[in-house]
Amino acid sequence: MKNLLFLVLISACWAEPHPGNSSLEHERIIHIQENGPRLLVVAEQAKIFSHRGGNVTLPCKFYHEHTSAAGSGTHKIRVKWTKLTYDYLKEVDVFVAMGHHRKSYGGYQGRVSLRESSENDASLVITDIKLEDYGRYKCEVIEGLEDDTAVVTLNLEGVVFPYSPRLGRYNLNFHEARRACAEQDSVMASFDQLYDAWRSGLDWCNAGWLSDGSVQYPITKPREPCGGRNTVPGVRNYGFWDKDKSRYDVFCFTSNFNGRFYYLIHPTKLTYDEAVQACLKDGSQIAKVGQIFAAWKLLGYDRCDAGWLADGSVRYPISRPRKRCSPSEAAVRFVGFPDKKHKLYGVYCFRAYN
């Protein structure tokens, strides 16, 4: 037992003279030696900004504490990228690399790779960014029994807009809300996206679903129908509701597009079906709600002519407020859901680029 204790003490610590006075041999500094240097994973930037259709690199590098070496050489390095969900309880696999083995998952297949600009570079390259790519990503590096992680947020330039269908206010459960956004060239907005939109001036009194399953709405100008005049401006939270039974509107998010959005010059006004055919004849498709919002917000599109959109609604985008055309504010003005067979309007078309 004494021999064992002696060996433990010898392997755990040693003594050296005090640096201030080497003659004082009775002064000792005790060093605790751990089993090798500690693995550290670092993201040089916590947030990265990009846009739909672009390419982006999510930074991640790994080191060993007290050394510049990328790895110890005794174990293979395993790099794993996952996407975090809103509650951090679930993760979506994105990419895994170990040695020469590489594997991407789901909608990321064929679009992700490691940058590997150096031995310790685990940065993730994402090409042809999609709206669904927005969110928080975790870079995990594993070497033997050691591992560490870093988190990077991918933000997309875009616009949040409220949406309700022809049926009217509060008619979508969570799943229907998700489909409604997808049909309008968008995805359900996250809380962070809605919060940023509120900070930019979005004011909307109707509560809508968000991607985390909560129901919220942004108020910049408190008033009686929206919580009262004396309430504090902010994003109001209704909490989490039954995704199948509860019904609200939805907040959607869209970004720029690879195509041309335009008002079709036509000699006459059109019914809805005539508008659809007119866009097709012009080599385009009738535009979606997400596309008119993206053109208005990101491209400054401005037109005072009301036109049909794919969901049967009639809207027009105003970037320069003026008399008879949204005199008080820049906005996508909503005319309504007119009778498709009898009401006559112009039409907005969208032509995708190859």
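Placement of Cβ uses the backbone N, Cα and C atoms for every residue, glycine included.
For reference, TrEMBL has these:
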SIGNAL    1-15  signal peptide
DOMAIN    37-153  domain 'Ig-like'
DOMAIN    159-254  domain 'Link'
DISULFID  C205-C226  disulfide bond
DOMAIN    259-351  domain 'Link'
DISULFID  C304-C325  disulfide bond
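Overlay of TrEMBL annotations on the structure.
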residue: C205; record: disulfide bond; Cβ neighbours (10 Å): 14
residue: C226; record: disulfide bond; Cβ neighbours (10 Å): 18
residue: C304; record: disulfide bond; Cβ neighbours (10 Å): 14
residue: C325; record: disulfide bond; Cβ neighbours (10 Å): 15
Rounded to the nearest Å - Cα separation of C226 (disulfide bond) and C325 (disulfide bond): 26
The domain 'Link' (159-254) - residue tally per DSSP class, helix then strand then coil: 22 helix, 30 strand, 44 coil
Distance [Cα-Cα, Å, rounded] between C325 (disulfide bond) and C205 (disulfide bond): 22
C304 (disulfide bond) versus C205 (disulfide bond) - Cα distance in angstrom: 25
Segment-level pLDDT (mean, integer) for the domain 'Ig-like' (37-153): 90
